[in-house]
Amino acid sequence: MTEAKAAWNALRDTPATSLTELFTNEPDRLSRLSMEEAGILFDFSKTHLSAALIDRFAALAEASGFAARRDALFAGAAVNVTEDRAAEHPAERGQGAPDSVARARGFHARMRGMIDAIEAEVFGPIRHILHVGIGGSALGPDLLVDALGRDAGRYEVAVVSNVDGAALDAVFRRFDPQATLLVVASKTFTTTETMLNARSVLAWMEEDNVEDPYSRVIALTAAPEKAVEWGIDETRILPFSESVGGRYSLWSSIGFPVALALGWDAFEELLEGAAAMDRHFRLAPPSANIPLLAAFVDQYYSVLRGAETRAVFAYDERLRLLPSYLQQLEMESNGKGVKADGSPVDGPTAAITWGGVGTDAQHAVFQLLHQGTRLVPVEFVAAIEPDHVLDDAHHRTLLVNCFAQGAALMAGRDNGDPARAYPGDRPSTTILLDRLDPGRLGALIAFYEHRTFANAVLLGINPFDQFGVELGKEIARSIESEGTDRFDPSTRALIARALG
């Protein structure tokens, strides 16, 4: 038996204890499981992590080679074993191999120079930024601009990812093509949806007689030669390293629209906040390592308690896109069926991540969370300081509801009426930012990245490839080029009905 299997067996043998009993039996529970880093409070005390479980998960982490894999990540080793690449996103924050950090800083300097040129109206009087990308080339910028760019007052930014023409059409109705800069974000610069959207934006500009539309295009890519082939001048290309994965790329040139919308100082604060979480993840021991503890929680509920999903509720309208961002980060990274060595995984991997915005979600899905038969670990994310000038009652009511939901999930209530009974003993984690600003949001996103990595180490899988997304794209291309004869009757009938 391997050490990792022995550690899992020890975890399975650990008796389950209710949350109320844990608070009774562990007087120091709140102080041990509520910790702060980079202006963010993480409260794990309402999860079933006992002192004994933490010790046994720490043994699992040791048996899984966690420390060595973490060090390899920051050293720039080829931790993406299936593609023989490093995962250099920490280097974008100054936390990585010296050569990688130096290269990232060079790319950032090029970004800053481009922003200076735009602000100097080298591209003409730009008011609108239209960013087209998909997946990691869009979700990160969209989250950050939506969360932090509301009052920046610099440029109006639209992020379009869907190939559905309705998405672009909605932007065309409110943007002026004469004042629009097109940003094309694609790691390979061959992404079907992105390139089709980019061509449509150029056609829209041409229809309005924009002089030389290609001079209004900025390319963000790890394949600059492809952007040149596509017709973009080398001086309009912002490259980034091929070893920066798409869903980890918002710190790289992919973050260009964020820096443009918020200003360079804000982008640097974002990087600094993430770097603070990087340092914590590198140096903190297992019992106080926030991303690793979060991974312990994930593995406990997924593997040992059979939870198939995890719900994230942002009690802050500015973070409404956070659940969508986390869906890609977590499920594309860890939704795998084989280990890094190619052997099959013998248990569940990534849970299904979903969520919404509080208090809206309370009136939609919390019925299931409180009284349903499925175990759903819940994560609450909130900020202490509001960003609006409305009556304080708005923010107070928001936070009171957030904290009340966590208390209710844990305590439950039995009043003698089965239809009105709440079983309780339902877990939640609360993440409380002092305020939502670039630094703290950077730290929060880096926390989720490292949590995802820690989960992968405990499971023995590679979180940096995504081969599962390829087959559907290949079939879509073959439908266009080869016809439908080789497909099943259902697929052929659907294509015939919709496409003729």
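Glycine too: its Cβ is placed from the backbone N, Cα and C atoms.
E332 (active site, proton donor) falls within a helix when secondary structure is assigned with DSSP. Around the Cβ of E332 (active site, proton donor), 22 further Cβ atoms fall within 10 Å across all displayed protein chains. Feature annotation from Swiss-Prot assigns active site, proton donor to E332.
Per Swiss-Prot, active site is recorded for H363 (among others). Within the same chain, no residue at least 6 positions away in sequence has its Cβ under 8 Å from that of H363 (active site).
For K473 (active site), the same-chain residues that are 6 or more apart in sequence and have a Cβ closer than 8 Å to its Cβ are T192. Under DSSP, K473 (active site) is assigned to a helix (H, G or I) in the three-state scheme. If you look up Swiss-Prot, you'll see K473 (among others) marked as active site.
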